[in-house]
Amino acid sequence: MLDVVDLSRLQFALTALYHFIFVPLTLGLSFILVIMETIYVATGKEVYKDMTKFWGKLFGINFALGVTTGIIMEFQFGTNWSYYSHYVGDIFGAPLAIEALLAFFLESTFVGLFFFGWDRLSKGKHLLATYCVAFGSNLSAMWILVANGWMQAPTGSEFNFETVRMEMTNFLDLWLNPVAQSKFLHTLSAGYVTGAFFVLAISSYFLLKGRDFEFAKRSFSVAATFGFIASISVLILGDESGYDIGKAQPVKLAAMEAEFETHPAPAPFLPVAIPNTAEMKNDFAIEIPYLGGVIATRSIDKEIIGLKDLQALNETRVRSGIRAYELFTQLRAEKKANGQVNEETKAQFNEVKKDLGFGLLLKRYTNNVVDATEEQIKQAARDTIPNVGPNFWAFRAMIAAGGLIALLTFGAFVQNLRNKVTQIPLLLKVLLWGLPLPWIAIECGWFLAEYGRQPWATYEILPVGVSASNLSTGDLWFSIGLICALYLAFIIVEMYLMFKYARLGPSALKTGKYYFEQSAK
């Protein structure tokens with residue numbers, strides 16, 4: 001039966017994955033609009049203005065729903081994860097506050113000028129507004145991913161036993177965290193691919209129907225070029241992000257590669273496996289010798305530490321965490337009784353406080369952490385190993401979808417260069433029906449990032465099990481049902497409007513120049 005923590009996780013997963021349906025398209029379309037309008041201002045060709053306005057209409061529908069779902073998601077830090085907000089809010093809240101005050105206000109202000117300023121602003125000023133929308137969207141993503149990067153690999157912070165909170169010690173370390181920056185660039189390029197693939201798919205639909213040829217062909221050309229470059233960036237930056245995560249979170253690396261044993265370097269790569277987390281082995285696996293180690297460590301002499309060895313290391317850290325928790329409670333008692341603490345006790349605590357989070361893992365099994373049994377200690381260590389199967393297959397689904405996207409954007413780019421886009425209808429059909437591919441890759445990537453971090457809300461600092469609010473299961477089932485109903489309405493509205501305007505094409509602009517307007521005369 002699902003408890004409060006499980007239901008809180010389920011609700012956050014639903015809202016986060018749903019919200020991220022809209023985010024990558026916003027990121028990608030915003031820069032495609034910049035490219036199209038820049039060409040319009042540079043050449044004066046009206047077709048590029050029409051392209052900017054039409055794709056901007058679809059961007060606007062997506063943007064509105066992305067903002068709405070994002071607000072709902074952020075509220076959960078206060079409603080469902082109140083102890084998390086208390087424990088790490090000083091750090092986690094800072095980039096989110098900057099995002100709201102700087103990036104979100106920038107993009108939301110200029111998005112109004114983008115839509116309503118065509119007849120009120122000069123070409124140059126309107127182009128500047130479009131650039132600000134794109135810049136604001138990307139800046140917003142950066143600060144959100146700085147916050148998420150800290151959850152994955154905490155830097156620039158330390159625990160204060162007096163306030164029982166994590167406190168920021170260096171903002172630059174938080175901001176320039178390598179994990180955060182590589183995640184940001186990888187997510188950004190994935191968004192660019194999503195926007196490009198979206199334009200390619202709908203342009204392919206127009207070309208297959210033989211409608212608005214010039215408009216569709218030019219849209220296809222912009223998207224094919226932008227998408228091909230972005231798809232290469234995704235592969236390169238994805239490798240970099242994976243490398244950084246492998247150094248910061250060896251458990252996640254071992255889980256997504258289903259490495260239960262520590263193999264001599266370089267480790268094999270498993271394209272297919274049936275992981276058995278309970279017995280810490282693969283029931284079936286196909287191995288490609290050496291490839292896994294070369295890809296994951298970029299060397300032939302570095303090991304990928306297996307999950308069995310990582311569990312043993314984590315058991316040692318759980319024991320150290322018990323000592324950290326004991327010293328923490330002692331310091332608190334001394335402070336309360338005497339108004340000051342023993343410096344020797346404080347020095348001892350500082351030596352082991354990095355393992356305090358491992359001690360908190362025991363809260364799932366006992367309120368008296370210091371007197372935890374051997375079985376409870378071993379169970380807490382087992383909890384540090386996430387369920388391998390979902391991580392293993394999510395990673396491979398992401399790679400497979402990303403590889404297909406790269407091949408398709410390459411094909412579109414080559415055909416566009418040859419000026420033979422319409423000569424291979426099969427390519428256009430595959431681009432059209434392959435539209436879900438970017439979302440499959442992105443959602444699998446985010447699932448891997450978050451599920452692979454379990455059992456931690458903030459890696460090796462705060463377990464998920466102690467982060468949740470004091471709610472009832474009834475409260476959570478009600479809110480989950482309400483959110484599902486609301487989000488169902490949102491997706492119906494989104495799909496209706498997207499299909500409506502995508503089918504109309506540039507005729508939706510009512511300029512009198514395009515297919516449905518001409519055929520109605």
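A Cβ is built for glycine as well, from the same backbone N, Cα and C atoms used for every other residue.
According to DSSP, the topological domain 'Cytoplasmic' (1-22) comprises 19 helix, 0 strand, 3 coil. What Swiss-Prot lists as topological domain 'Cytoplasmic' is 1-22 (among others).
Taken from Swiss-Prot, the feature heme 1 binding site applies to HIS19, supported by similarity to another entry.
Residues or ranges marked as transmembrane segment by Swiss-Prot: 23-42 (among others).
Residues or ranges marked as topological domain 'Periplasmic' by Swiss-Prot on the basis of sequence analysis: 43-94 (among others).
Only residues 6 or more beyond the boundaries of the transmembrane segment (95-114), in the same chain, are considered here, and those with a CB under 8 A from a CB of the stretch are 33, 56, 60, 63, 67, 74, 121, 126, 129-130, 132-133, 135-137, 139-140, 142-144, 146-147, 150, 174-175. The transmembrane segment feature in Swiss-Prot is assigned to 95-114 (among others); the stated evidence is sequence analysis.
Taking Cβ pairs closer than 8 Å, the topological domain 'Cytoplasmic' (115-129) reaches residues 37-38, 40-41, 53, 56, 60 in its own chain, all 6 or more past its ends. Residues annotated as topological domain 'Cytoplasmic' in Swiss-Prot, with sequence analysis given as evidence: 115-129 (among others).
Outside the transmembrane segment (130-149) by six or more residues, the chain places 23, 26-27, 30-31, 33-34, 37, 52, 92, 95-96, 98-99, 102-104, 106-111, 114, 174-175, 177, 179-181, 183-184, 187-188, 191, 449 with a CB less than 8 A from a CB of the stretch. The transmembrane segment annotation in Swiss-Prot covers 130-149 (among others) and is backed by sequence analysis.
The topological domain 'Periplasmic' annotation in Swiss-Prot covers 150-187 (among others) and is backed by sequence analysis. Remote same-chain partners of the topological domain 'Periplasmic' (150-187), defined as residues 6 or more beyond its termini with a Cβ less than 8 Å from a stretch Cβ, comprise 24, 27, 86-92, 94-95, 141-142, 233-234, 237-238, 240-241, 243-245, 248-249, 328, 331-332, 335, 349, 353, 356, 449, 453, 457-462.
Contacts of HIS186 (heme 2 binding site) defined by a Cβ separation under 8 A and a same-chain sequence distance of 6+ are given as VAL234, LEU237, GLY238, GLU240, SER241, in order along the sequence. What Swiss-Prot lists as heme 2 binding site is HIS186, MET398.
If you look up Swiss-Prot, you'll see 188-207 (among others) marked as transmembrane segment, on the strength of sequence analysis.
Only residues 6 or more beyond the boundaries of the topological domain 'Cytoplasmic' (208-219), in the same chain, are considered here, and those with a CB under 8 A from a CB of the stretch are 36, 47-48, 50-51, 54-55, 199, 202, 421, 425, 428-429, 432, 505-507, 514-515. Per Swiss-Prot, the feature topological domain 'Cytoplasmic' maps to 208-219 (among others); the stated evidence is sequence analysis.
According to Swiss-Prot, the feature transmembrane segment maps to 220-239 (among others), an assignment based on sequence analysis. Sequence-distant contacts of the transmembrane segment (220-239) (same chain, six or more residues past either end, CB-CB distance under 8 Å): 28, 31-32, 35-36, 39, 51, 182, 185-186, 189-190, 192-193, 195-200, 203-204, 207, 295, 402, 405-406, 409-410, 412-413, 415-416, 421.
Confidence for the topological domain 'Periplasmic' (240-397), expressed as mean pLDDT, is 91. Swiss-Prot lists 240-397 (among others) with the feature topological domain 'Periplasmic', giving sequence analysis as the kind of evidence.
Here Swiss-Prot flags 398-417 (among others) as transmembrane segment, drawing on sequence analysis. If you look at the transmembrane segment (398-417), the same-chain residues 6 or more away from its ends with a CB under 8 A from one of its CBs are 193, 196-197, 200, 220-221, 223-225, 227-228, 230-232, 234-235, 238, 423-424, 427, 430-431, 434, 437-438, 440-441, 444-445, 448.
Summarising the annotation, Swiss-Prot assigns topological domain 'Cytoplasmic' to 418-475 (among others).
Swiss-Prot lists 476-495 (among others) with the feature transmembrane segment.
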Neighbour count (Cβ, 10 Å) for MET398 (heme 2 binding site): 22
For the topological domain 'Cytoplasmic' (418-475), residues assigned helix / strand / coil by DSSP: 33 helix, 5 strand, 20 coil
Inter-residue C-alpha distance, HIS19 (heme 1 binding site) and MET398 (heme 2 binding site) (nearest angstrom): 18
For HIS19 (heme 1 binding site), the number of other Cβ atoms found within 10 Å of its own Cβ: 21
The topological domain 'Periplasmic' (43-94) - residue tally per DSSP class, helix then strand then coil: 48 helix, 0 strand, 4 coil
Composition by DSSP (helix, strand, coil) of residues within the topological domain 'Cytoplasmic' (208-219): 9 helix, 0 strand, 3 coil
